[in-house]
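In case it helps, TrEMBL gives these features for our protein:
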REPEAT    106-121  repeat 'WD'
DOMAIN    184-448  domain 'EML-like second beta-propeller'
REPEAT    186-210  repeat 'WD'
REPEAT    260-291  repeat 'WD'
REGION    466-489  region 'Disordered'
COMPBIAS  471-489  compositional bias 'Acidic residues'
DOMAIN    575-838  domain 'EML-like first beta-propeller'
REPEAT    755-785  repeat 'WD'
DOMAIN    857-1122  domain 'EML-like second beta-propeller'
REPEAT    1088-1120  repeat 'WD'
Amino acid sequence: LGNYYETDFVYVHCIPPWSKISIFLNHFMLQFWSLCGNSLTPKRGVFGKTGDLQTILCLACARDEVTYSGALNGDIYVWKGINLVRTIQGAHAAGIFSMNACEEGFATGGRDGCVRLWDLNFKPITVIDLRETDQGYKGLSVRSVCWRGDHILVGTQDSEIFEIVVHERNKPFLIMQGHCEGELWALAVHPTKPLAMTGSDDRSVRIWSLIDHALIARCNMEEPIRCAAVSTDGIHLALGMKDGSFTVLRVRDMTEVVHIKDRKEAIHELKYSPDGNFLAVGSNDSSVDIYGVVQRYKKIGECIGSSSFITHMDWSSDSKYLQTNDGNGKRLFYRMPSGKEVTNKEELKGIQWASWTCVSGLEVNGIWPKYSDINDINSVDANFIGQVMVTADDYGIVKLFRYPCLRKGAKFKKYLGHSAHVTNVRWSHDHQWVVSIGGADHSVFQWKFVPDRKLKDSLHIAPQESLVDSNSDESDSDQSDVPELDSEIEQETQITYRRQVYKEDLPQLKEQCKEKRKSAASKRRERAPGNSIRLHFVHGYRGYDCRSNLFYTQTGEIVYHVAAVGVVYNRQQNTQRFYLGHDDDILCLAIHPLKDYVATGQVGRDSSIHIWDTETIKPLSVLKGYHQYGVCAVDFSADGKRLASVGIDDSHTIVLWDWKKGEKLSAVRGSKDKIFVVKINPYMPDKLITVGIKHMKFWRRAGGGLIGRKGCIGALGRTDTMMCAVYGWTEEMAFSGTSTGDVCIWRDVFLIKTVKAHDGPVFSMHALEKGFVTGGKDGVVALWDDTFERCLKTYAIKRAALAPGSKGLLLEDNPSIRAISLGHGHILVGTKNGEILEVDKSGPITLLVQGHMEGEVWGLATHPHLPICATVSDDKTLRIWDLSPSHCMLAVRKLKKGGRCCCFSPDGKALAVGLNDGSFLIVNADTLEDLVSFQHRKDVISEIRFSPGAGKYLAVASCDNFVDIYNVMSSKRVGICKGASSYITHMDWDVRGKLLQVNTGAKEQLFFEAPRGKKQTIPSLEVEKIGWASWTSVLGSCCEGIWPIIGEVTDVTASCLTSDSKVLATGDDFGFVKLFRYPAKVSIFQLYVAHSTHVTNVRWAYDDSLLVTVGGADTSLMLWTYEIIVTLIL
């Protein structure tokens, strides 16, 4: 919501009830923030002479713009607005950490252990000193306080929660307690009783009842505790200390049996032998000491084979062997009690282990994810009876695996709750519970084990069984039952939408260039060109990586997107209207149930969702602030009030919005793999589904979050990638299309049936009142009944089925279908090849819109005499487009390689095309048949130009730094232009056809005589005097103004001068089209946004009536009308 400029720590944030203001506290400062639009404006609190400058620790807000704050010295400051008006001195004897406002007044708590109650005017009522109560102790510090009626809740620095009844203030009731300070590492369970023992850096050892969920004993030690173990008979509790010593206590009364210090570094692990005769003590100095229990813990052996600190140990069932893990991941074996290392593999065969808590070994290979660090997993404990084991790791996750777990990257269930690394985990004596402890979060978690064979073994957090299973994703490392990913889907998953520089970076980049801006301002002032351009028509549709992004509007128009443009297309009039509110690639589109509003989501570091009216083309709401890098899926609820969205961040965050208010209702991490579609349940707007790579999940809203359950496949199928989904005729029924061509039918979260629908992935699905429509990679549209029992009709997208009124040519039969929508008696189909077709239910197919396919579009040329242009792309197609009102593709030809440039001959009869393999073609401009072809280079042909006049010569520039000149008449290479130090970017001939101007990637402006290619040096002033047949160069004194001040991070990719040499159009890497007065000496321009990524080429039509532009990765071809403004002088 705004910027925060201070670097000191912020202690408190509060929103007062009396205005739209937020208050932040930090070191020596209090700031009042007011909401202005979508940002916050700060004002510092004014201390004046009323009080000393102090660190403010807490605050509470009252009526009439009054604020109370607690200071480090125990004073309370009273504020009116932003001004300090009075001070209540000595409110506490030390810092005031907490302040709570309620109907009765205010409660404060401080470091002095006191809770003070105040009336509404902040006059003292009473004081409660917790240190003097039954539960009190020296050093008690109050950190949180809440007052309601006769009851007061108090939280302390030592992780305790007390409840105080005012009339019995000396008898506070202890509700909760836990460890505090440092990290919690030590955990042991009693061998015969439901007890767990924990020890921490706070020097306390505690015994917890797993039945009553209560602390039953506590003992303070002299040193921080790092590990614990209970003897087999349950009598002794051994504690390993951070200073290298260990202590043995009697469990019944916590009295000391023995204290031994044989090591200098921390004791990290200790274990009693199953027969109770020995205690193994592992330390951080890489050794394990063996002590005899019956000999009063006399040292009788030592294991010294490890090269790093000891992390885990396990005894064999007969107490004759010990296995250890160390910090280097080594697993070693020792004969007990001597401690002699065992290296004979035959001797180790058949050993039965009494427990398994080691993280290294064949039995636990599968617990390690790919690319994990050797110390990422902190603890393991196996349940031999249940054949499962539980692990704890550095990412705060408790996982449940099958035991033994032999295969790397095995499947698992994961459970969240800990906030930091989980340091230890243990099964209870009867295997009913799992106990886990968090290092820095100081918490002890108790989980209930639910061995349900149908739903797989799982853990439930106890005792709140309503919050049971997280139903989290399985490991993505086990590919054993996952089908091979379709090539088209695999290609899509590899697309990245992240930019090195985003358009929202522009303000910061400009700020970095203040000095350059000042120097530019000193130049003489120029005016931007008086004429302008307006977007007229866009060829293209984004189908190669999107789905279900094509709909009929309420009025029968068609809405879709390409580049950064939302397009509303009138198919009767062949006209378009444009929503231009986005500034980067639109990746998804959804239509409101009333068909009048549309939601579109875009790429961006702080990406946005725009909801706009298809009739007025005006935005209704813009949602920002919750998605990083982009939004890949959106969907409206059936009542139109809510909107669901999915981001393309690493967690594919799912957000549920009240879009009219601009409020986020709920959010959750979706999946680490790509999510393709989100759908809100039309009957219950608090439920939704998401589908994606190995992902089918059912979500329900829970407060500010979403609780997800993975689809249960059972014996009906295997884990598959889902490409599309819809809800059915009841709130429980859902349908999804898979990457293998099946339609899955779900009831609640259970898969009940699969139906073979297509050959290849099912990319799109549309629900009707009584049936469904599906489309797949096989290029077939299928109509189904309402149960998917019967396919009623199919439509194959073929060139032979095209109706006479089609506006263009279908590139291939059976193109992959990415979007399907029904309305107005037709089926609307979007393909991966960038085509939009309308299928009449009787059979004929009309081609409405088309554009280039996936790959960058660079090649662009306009016809010298006709309203025609040619484009060539990385999609290996050469296309001819009609620029007249018919706006259709006239011809297309498939090429052996992609192309980057093209040029018409001066008479318009021939078309030269440069390809990416270093070859080029000259084809007949009408039929696109070959006239001649050459290949003298191996690198990309980056630019190609016919000489003016008769077109005698053809200059061919390549990315290997050369320009070859060919005699078109003799079909021979007659010259080579050498001397460029980088690849060639632009070329222009002079009007005589004897001089060639060349630009390079090293910002060189070079000149060569034709046809031999002799390099010439021409002063910049003389360059302006030369008559040029065209100007597409981006370098030189006459166009230095087209380079922005921030030119280090963005390049001008293309330019083109009008035939009257008055206006220069440019395209750049930010997707901007600009108009400059020519010559462009200074950076004054008109700017236009529609392309999403770099504008790779711009060309004026033969009569300058249209400007034609192409976007690289957005694959679009845009036509802009040139509007000449005439000024009348009376």
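Positions of Cβ are set from backbone N, Cα and C atoms, glycine also.
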Quick test of the contact rule: Cβ under 8 Å, at least six residues beyond the ends. What residues does that give for the repeat 'WD' (186-210)?
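Contacts with the repeat 'WD' (186-210): 179-180, 216-234, 237, 239-240, 242, 249, 251, 254, 423-430, 433, 435-437, 442, 444, 446.
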Using DSSP, how many residues of the repeat 'WD' (1088-1120) fall into helix, strand and coil, respectively?
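Helix, strand, coil within the repeat 'WD' (1088-1120): 0 helix, 18 strand, 15 coil.
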Mean pLDDT across the domain 'EML-like second beta-propeller' (184-448), rounded to an integer, is what?
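Looking only at the domain 'EML-like second beta-propeller' (184-448), pLDDT averages out to 93.
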For a three-state summary based on DSSP, what are the helix, strand and coil counts in the repeat 'WD' (260-291)?
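Computed counts for the repeat 'WD' (260-291) are 0 helix, 18 strand, 14 coil.
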